[in-house]
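Structure first, then comments.
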């Protein structure tokens, strides 16, 4: 028998989450963001469940080619654009829409020998200060691109640094309005948070990411608990060992947990080499045999310990949900001082994945 840990992906939940996105932004088209191997879910496993989307948005050329080879004929948006001028030949071959965010890309597009024009997303720096042109340069750059034979349809895009907060949206929107002055153009601005909470940012295309996979863009599950969004990934394992501690005995590396009274603990086949956060402290929520309990002690490479006091019936082989339908990944991430995005993307290759 194989080690009992596995991740299961609920494809019906993924479909439902896309439907909820459409309800939230009924007048916009949807770029389903599948970067980082579909946020750790596996782009080849899940893309067909998102087949009702209007387009896919990602970063890696290899993933874009995979979608084409799997039969996706719709739009694909490369969120960081092309990284080398020679990439444009492949973009042309596979009909990819590219972000343009830097001066060197303008020259590369001008000089490229393409069979047909490429659609362009011109990126505005609206305050994130990662990629994009400053608002006062956008009109000039737009006109340069518009004059190029290699450029097809154009859209203005940006990415919000603080879409969870009204002030963050308003300041970014002001910069975008400055950039768009004098332009009649399509826009794509809304990430997951703006899709859910800021209708004024929807415009022509929304770009949901984390909410497709059933986690909160704010990092707090309570913020999306009433939306109908459902977790797609469930990470589960089993108890493979049981220890009965005496009062004063300690658990795990460094002995960071001490039993106050006699206590049973379960040893679970899951650790940081599987993608469970090493920094998850004692008290991180976990479900044992359907009962809410908590981790105790330091997470090891391959194992972690849980308190069996609330579930005395538990023993060898008892199922454990580490995150998923009942234990929300946002709650585990918050306990560990990180975000659900990171936990999804950190799922280790050695963890078997099944779709349901």
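Note that Cβ sites are derived from N, Cα and C of the backbone, with glycine treated the same way.
Summarising the annotation, Swiss-Prot assigns N6-(pyridoxal phosphate)lysine to 35. According to Swiss-Prot, the feature active site, proton acceptor maps to 35, 253. The substrate binding site feature in Swiss-Prot is assigned to 130, 301; the stated evidence is similarity to another entry.
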Distance [Cα-Cα, Å, rounded] between residue 253 (active site, proton acceptor) and residue 35 (N6-(pyridoxal phosphate)lysine): 36
Under 8 Å by Cβ from residue 301 (substrate binding site), counting only residues of that chain that are 6 or more apart: 271, 272, 273
Recorded positions: 35, 130 - member with fewest neighbouring CB atoms within 10 Å: 130
The residue listed as 'N6-(pyridoxal phosphate)lysine' and residue 130 (substrate binding site), Cα-Cα, nearest whole angstrom: 17
The residue listed as 'N6-(pyridoxal phosphate)lysine' in three-state DSSP notation: helix
CB contacts for residue 253 (active site, proton acceptor) [other CB atoms within 10 A, all chains]: 10
Structural state of residue 253 (active site, proton acceptor), classified by DSSP into three states: helix
